[in-house]
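**Student:** According to TrEMBL, the Zn(2+) binding site annotation covers His267, His271, Glu297. Among the features that TrEMBL reports, active site, proton donor/acceptor is placed at Glu268.
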Amino acid sequence: MSESSQKLEQEFLEYVKKISAFEEALSLVYWDLRTGAPEKGATQRSEVIGTLSGEIFKMKVSEEMAAFIAGLWLEKDGLSDVTRRSLEECKKEYDLNKKIPAAEYEAYTKLVAQAENVWTTARATNDYALFEPYLEKIIASKRQFVEYWGYQENPYDTLLDQYEPGMTVAILDDVFAKLRESILVLRQRVEAAKYQPNPTLLHKRVSKAHQKEFSMRILAKMGFDFEAGRLDDTVHPFATGLNIGDVRITTRYDEDNFKMAVFGIIHEGGHAIYEQNISPKLVGTPLANGASMGIHESQSLFYEIILGSSFAFWQSNYKDFQEITAPAFDDVSVEEFYRAVNISESSLIRIEADTLTYPLHIMIRYELEKAIMNGEIGVADLRDAWNDKYEAYLGVRPENGADGILQDIHWSGGDFGYFPSYALGYMYAAQLFATMSKEIPNVSEILASDDYTVIREWLTKNVHQFGMLKKPLAILQDTTGEGLNPDYLIQLLNDRYDFIYKLNEA
């Protein structure tokens, strides 16, 4: 590279570092907003959020950014891996924003801001008709944006790629078809099983203090760095990484349902451990984040489902749980407890679904979004299509909007293409675990131990450290030696529910 190109590269890295600083400040404001900030400061906070968001957007689509892209793109093969991938991410975002006429983008941002408020009211009052015209406008805008952005095989591919780089309808149609058939067959076996776990065993009151005490012990075993993170209360649990040395998780406690916080904290802890272990060399670049929504979800689900929902885990940790919550579970064996915790039953609500049925909720949304973006279904028919699919896949039919099409916030924000990442997270996690089990033969013993360091180190080596340096399918290929394969999740579900429901016992 010429001296002038090296100088431009350094200037580019300084520029994206500045953007990262603004984004960290914005993340901190959002975290504060969701963890008990005083209500009277809401108006001023909104001003601050708007100002910071506006400045970040301006920097990402500025003439300076255009000059960096133009000056470095032709020489990108000579750049370091970090600079090259940072440039690729900046160009992708620049192109997405610049291809939409400014007036249309401004109108769209106002539309989704209004739509989220209308959705909140519509959901609370079960009034889908109130939200429907806003949804129709959002969908029309998204379909127009896809035309601006362009696509190769399917218009929905462009939206999928924004959340899961490299993912396509062709890939998802194939893996979802296999997964759906296997889950539906397994659900029939579960429903017909002679043995049914007893859910009333879990109907115990567990104080917030006791839930937190147990969860903090588990976080420590998982490898969550308390000097680089913290746990707080919120209404809608989330994890947010300000930087690799400050990753915060939140939870909501229900003293009549300990599962919400205990498994929620394990889940958010998985997200946090990912971000705490991203390589320091990526700090200050666009790459100091998870590779994709699906890979991020794979890490939270690895800890929640692979580890936290395994029998080996509870064999090790149930005694602690009993002691902390005593005498609530003194008369419940670990086998009874484990089976009750993992009961599978149909649910109308996605976020309340169990491990076995959750992917079906995602497939319903995927199929509807794909049909919407291909012009195969109109907004007027969307609610009936939603209800029909729930009846076909889960055997339940929503009686109102709040339990049906109004339950998720995603569409009010225009987040079409996001939902598949949740199901991909399940498949990624199971596939990674299959490879881990080959490379660490005693992994089941580790799950039943008090120290999960080996597991965290393996995940850091193969996933965490790379941040966005590697794309999701590259992480999967490099680690497991193959592309996305739903067979590993199918096998995991069959093995787990065979045990829970004693399906192989006479």
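Using N, Cα and C of the backbone, Cβ positions are placed for all residues, glycine too.
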**Student:** If the Zn(2+) site is taken as the center of the Cβ atoms of His267, His271, Glu297, which further residues of that chain fall within 8 Å of it by their Cβ?
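**Tutor:** Neighbours within 8 Å of the Cβ centroid, excluding His267, His271, Glu297: Ala239, Glu268, Gly270, His296, Gln299, Ser300, Leu301, Tyr303, Glu304, Gly425.
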**Student:** Roughly how many Å lie between the Cα atoms of Glu297 (Zn(2+) binding site) and Glu268 (active site, proton donor/acceptor), rounded to a whole value?
**Tutor:** 9
**Student:** Using DSSP, would you call His271 (Zn(2+) binding site) helix, strand or coil?
**Tutor:** helix
**Student:** Report, as a single number, how many Cβ atoms besides its own are within 10 Å of the Cβ of Glu268 (active site, proton donor/acceptor).
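**Tutor:** Here the count is 25.
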